[in-house]
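Pulled from TrEMBL, these are the features on record:
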type	residues	note
DOMAIN	B:154-333	domain 'ABC transmembrane type-1'
DOMAIN	B:465-644	domain 'ABC transmembrane type-1'
TRANSMEM	B:16-36	transmembrane segment
TRANSMEM	B:132-151	transmembrane segment
TRANSMEM	B:157-180	transmembrane segment
TRANSMEM	B:201-227	transmembrane segment
TRANSMEM	B:280-300	transmembrane segment
TRANSMEM	B:349-372	transmembrane segment
TRANSMEM	B:420-438	transmembrane segment
TRANSMEM	B:445-462	transmembrane segment
TRANSMEM	B:468-490	transmembrane segment
TRANSMEM	B:528-547	transmembrane segment
TRANSMEM	B:584-606	transmembrane segment
TRANSMEM	B:626-644	transmembrane segment
Amino acid sequence: MDAAPDTLVCRNVWKVFGARAAEQMQAAGEDAARLVAMGLVPAVRAVNLSVRRGEIFVIMGLSGSGKSTLVRCLSRLIEPTAGEILFNGQNLLAASEAEMTQIRRHRMGMVFQHFALLPHMTVLDNVAFPLEVQGMAQAAREARALEMITLVGLTGREASYPRQLSGGQQQRVGIARSLAAEPELWFLDEPFSALDPLIRRELQDEFMRLQSRLHKTIVFITHDFDEAIRLADRIAIMKDGAVVQIGTPEDLVLSPATDYVREFTRAVPRAKVVRLASLMTPGPVPADMPCLPARATVAEAGRSFLSGAERVGVSRDGQAIGTVRREDVIRLLLGGEA
Amino acid sequence: MSALLLSAPRPFDGRWLWWLSLALSLALWLWGRAALPLAFDYPKAWQIPAAAWIGGAINWLVKEASLGPVAFSDITRGVAAVVDAPYRMVLALLATGVQQQSGGVTVQHVPPLSWMAVIGVMALLGHWAGGLRLAALMVVCFGFIAVFGQWQSAMVTLASVLVAVPLGVVFGLALGILAWRFAWFERGLRPLLDLMQTMPVFAYLVPVLILFGFGPTAAVIATLIYATPPMTRITTLALSRVPEEAHDLARMVGCTGRQRLWRVLVPSARAPLMVGVNQVIMLSLNMVIIASMIGAGGLGFDVLSALRRLDFGAGLEAGLAIVALAIALDRLSQAVAQRGTANDIGWQHPYLVAGLAMIGAGFALGLIFPAVQTYPEAARLSTSAFWAAAVQWINLTFFDTLEAVKTFFLVWLLVPVKRFLLGLPWLAVVALLGVAGWRLGGWRLALLTAGLSFLIAATGQWEKAMVTVYLCGISTLIAMAIGVPVGIVVATRERVWAVTRVVIDTAQTLPSFVYLMPIVMLFRVGDFTAMIAVVAYAVVPAIRYTVLGLQSVDPRLIEAGRAMGCTPWQILTRIRLRLALPEILLGLNQTIMFALSMLVITALVGTRDLGQDVYIALTKANPGNGLVAGLGIAFIAIIADRLLHAYARRARARLGLEATA
């Protein structure tokens, strides 16, 4: 997985709001403090990041941190003021509006915080809408939409209108719609923030299930650190428009780069973040020893030691690669360092 | 203007300028007549001959103007044809059938839809949109029209409404979209819309009459001018309120500009847009009577001619028929808005088949039984005689009392106020308005208020404008004096409010002419009659906004007041009324607008103000005078509106209900 190529790369991306921002920025240079002094609002500041193919890349930040602006810059819904955005090597900022339309139609999908379902259309029509816009024939697009509706578990609700659905169901429709055009890059802008906690959890599981089947490249925005840790392969933490730290959930929890990041990770139980891979001792595994996936967290592994076993095997892609010791697991579960 | 003079803004900081200009004005008023006569009477020599200019311009338009080879009159004729063709069709369907004139004899080839078929189709529509209750309401409304013998006129009116509404919606939507799309277009359109909505309808009846000739076509066009602006405003507002995510969605799925507008944004704004459609329907019905002055015919003409004959009963019945039509169309359009999504309104077989069957059966049975085709004469009811008798009885019994009341008001209130206002130097009033504008809204507002009031003086309308202000001001004050206490009493009593609401809703759909008739019969023509009619009409918004303001006060604050041990009186005066002030001010604003619009109508009963000028211009088909007088009224309305809005905004900002920025 580490070898997967980068699908989306941001190089020094800026978004500055204000009158004649681009010219002003040319004059002032890339200095956020000076821009603020000039009465401009640098909402995204010098962001560098790369999203690998097939990974879930979560951008986490509190409200006003610029995460929503950043994700809109990535699809050029908002025009970045400076920088480069490479999508499979193509610089999006150099693409014409017509090219962008084609890219958005066929290669990007987006899920919105407040669902953005069209109130005058049925579930089926909503899901088929991106295909209709492309000019796909009715029969073909409805067949495809039905497939998507089945995928998100809404079979039987095709003829309903959005107002007749619960929030969770509405967002399922939003997800189905964003997947209808088979995009390779999938943006989710705080998709579960408007839902109540139980439904949110249910949809997070659903999302993980979908991703295990679809293997999309995902940029996921959230303000909820627990959600970020639960879902992310890697997380970028944003503050005041800038990226503070990028890393796996374990990286962030075990070695936060700043006090700001530490503040978020403080309340997170280590055992729920640390994966077996970083606790194991590489080496041969006895053939009869039960194995857990390397991605499993320590908390998930705890149950396997209930039988009194001293060691449990760890496997990756079906290959046994090492073992984890009971006392290491217990120490971590009790709150000690790894 | 009256609002300013009678309820001067409370002085806060910067009050010295206010007091200074007040003192100067007072000095001018007391001692200036000899020293500075031109401050009292605007010099004739400096007058702007606006009426002559406008009259000349319209004459030129009609007689000479052309775009290349196409004469302007051809263009108006083209526009008229666009309206005329669908109107003739709908009219034939509903009212006249297919006829042919040959040698002075009218030959009926195909009869119009029978009354039973129309009621049946309306009931079906009601059932489709809102179930049995709505279907029953439709039967009651249209049944009422048939029973009281208003069927033929009502169908003529319905035909013009059915033509005006779709056109108004389409134009309104198109203009609204343009205004939303292009900021410059909006900037240009906004003052025009303000003017269209504040200018009394009479004022543009004359130009429309000259350009399009006397007849239903001109009436439909005048209706369009009146009914389109709200649709335009609502469209612009609704589109700009569509959530940002919908825009993002449209771009993310790669919509073209057209797809984005018609597939995403307009449907997302459907609910407010349907409110706009409803407004167009209601305003079109409001125009029915006035439009009949330039040939609309139908119920409006019946009301108007009843008013001229002073036949209260006939006028009331035709007026109530308009109300029945208004209620039916209002409820139906609201139900359709709630029920319908674009996809639903396909071919709904059972309804369509039943509707066609009813029309067919009505036609076939109508050939055999005339009573099916036309509502039988013998089964008609009329209350005319009863009302005539009632009015006569009141007049005979209470003549002295009524006369005494009238004289009392005239001598002690109306005449002194009128004298006072007419004696004011125009220069001082213009200056005071400017200062008030500056205090409340900065130099822009000052320029507007002073400029518009100066224009009234400069076009030689000062005296008549003052009469308008005096009538409108007194009526507004009385309306507020009645409306605010009533509002306070009913606001906290849910049951009473429910009843009151039905009463004032009905009062508002009742055409304003209907108010006029009984009052004229009791008090005869004159200022006092006009005042009563205006008060009766304008008291509705006073009550409504007071209740709205009081009910929207945060209940936690009232709870807090009670917790601190306030008496009910203290809660009312110290908490509720203070916080409701902005809404009450907007109510005052609405009351003034209502009063001004009613004032023009009272010109029919002989006032001597700008409204009378407009009305006379209409009867003489003099477009210049009519428009100038109409603009004068519009200016008064705009000045009052802007000042009160600025004051209400300040009040809201002070209460922290609205950001100061």
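From the backbone N, Cα and C atoms, a Cβ is placed for every residue, glycine too.
What TrEMBL says about a protein is an automatic prediction, not a curated fact.
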Result, the transmembrane segment (B:584-606) in contact with the transmembrane segment (B:468-490) (3+ CB pairs under 8 Å): yes
Distant-in-sequence neighbours of the transmembrane segment (B:280-300), which means Cβ under 8 A and at least six residues beyond its ends: 150, 153-157, 159-161, 164-165, 168-169, 172, 201-202, 205, 208-209, 214-216, 218-220, 222-223, 226-228, 230-231, 318-319, 321-322, 325-326, 329-330, 333, 509, 511, 513, 601, 618
Long-range neighbours of the transmembrane segment (B:201-227), counting only residues six or more past its ends (CB under 8 A): 58, 61-62, 73, 76, 79-80, 83-84, 87, 91, 160, 163-165, 167-168, 171, 279-280, 283-284, 286-287, 290-297, 600, 603, 611, 614-615, 617-618, 621-623, 626-627, 629-631, 633-634
Other parts of the chain folded back onto the transmembrane segment (B:445-462), taken as Cβ under 8 Å at six or more residues beyond its ends: 1, 42, 44, 46-48, 50-51, 426, 429-431, 433-438, 610, 613, 628-629, 632, 635-636, 638-639, 642-643, 646
Tertiary contacts of the transmembrane segment (B:349-372), as residues 6+ beyond its ends and Cβ separation under 8 Å: 111, 113-114, 116-117, 120-121, 124, 127-128
